[in-house]
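Notes follow the structure.
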Amino acid sequence: MTSPSLLRGFGAYAPERILTNADIESMVETTDEWITTRTGIRQRHVVAPGQTTSDLAVEAARAALADAALDTADITHVLVATCTPDASCPNTACIVARKLGMTGVMALDCNAACSGFLYGLELAQGIVAARPASRVLLVAAEALSLRCNWKDRTTCVLFGDGAGATVVTADVDATQGTAVLEDSIVTSDGSLGDLLTIGGGTANPYAIGDSVGEEYFVRMQGRDVFKHAVRSMTQVCNDLLARNGFTTEDVDLVIPHQANLRIIEAVGDRLGFASEKVFVNVHDFGNTSAASIPLALADARAQGRIRPGMRVLLTTFGGGFTWGAALLRF
C-alpha cells in the first residue's frame, strides 16, 4: 500500500437485551457448562422486538463519528458490511444513511459474512485511494439472532447481535482516534461455501404461504469450519507479516474474529503469540459475525489494551469461505 488510509474514530453498539447461557438452557437441550466449555461464550446481546440491523449500525456509526470529532456532513460514502440486512432492497447502507439524516452520499452494502469488516476496509481503502477527499463511514452490523434456528443447539448458542464502525479517510492531519492501515489481505474459496450458509435467496425462494424451513436459518458444519478457519487465518497472518518484513515480535496485540474461544486460542497458538497478546471478548458478545472485529477494536480501546504506537493484527474468517488479515498502527 503506497498511501496508507487512516481509520479515524471507532464506535460500537450492542443491544441492551442479554441472553445468558442459563436462558438458553430453557430453550434447547444444553447446559451452561456445555456451552462455556466448547465455545467460551457466557452471554450474547440480542435485538429487542422490532429492532433491526440498521438500528444497531446507526448507534455504532454515531459513536464512531463522535470519537472521530466528525459530523454526518463530513461523510461522502456509507459502507455497511452485513449478512443480515434489513431487506434485500433497499440496501442497509441507504437505510442507515436515511436514519442518520444523510443524503447525497454513495451507500453500499458488502456481504462477506464474518469477514465483512475487513472486506469493507479493503473497499473503503480503494475509495480513499481513488478519491483522496473521501471520508467513508464503514459500519459492520449483524442481527444474527433473527436468523438462528433456536431449536438447533449447535448454532443458536454461538451468535449474538451488535455493530462496530469507523471512518476511513486520508486526512493526514487527523489525530483523534486514529490508526494507520499499514496493509491488508482478503481472499476467498467459494468451493467450500456449503459448509456455512444462511438460506432464503433466489436459489431457494419462498412462495406466499410457504412455511419457513431450516434452510432459512444459519447452518454450519462446525468441525469442518473450525479446521478451515484455523488454517486459513494462521496462513493469511503469516503471509501478511512476511510481506511486510515483520515477525510476531513486531505485533503488540492480535484481534481475531471472535468466533469461539477454541478457534481464537488455536490461531493464537499456531501463530506463536502469548495469550496476553490475543484480545478476547467472545465470552460477553458471542459471535457477532461482521461486527466482531470492529466491536472488539472499540472494546479493546475502551479497556486500555490499545495505546498510541501499538501495532495491531486483525484476522477473520467467514462464510463463503472468506478470510483475511490487516495491520493497523495506532
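Glycine is treated like the rest: Cβ placed from N, Cα and C.
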Which range of 3-7, 33-37, 258-262 is region 'ACP-binding', per Swiss-Prot
258-262
Residues satisfying Cβ distance under 8 Å from CYS114 (active site), sequence separation of at least 6:
HIS257, ALA259, ASN287, SER289, ALA290, SER292, THR316, PHE317, GLY318, GLY319, THR322
The mean pLDDT across the region 'ACP-binding' (258-262) is 97
What counts of helix, strand and coil residues does DSSP assign across the region 'ACP-binding' (258-262)?
2 helix, 0 strand, 3 coil
Per DSSP, three-state class assigned to ASN287 (active site):
strand
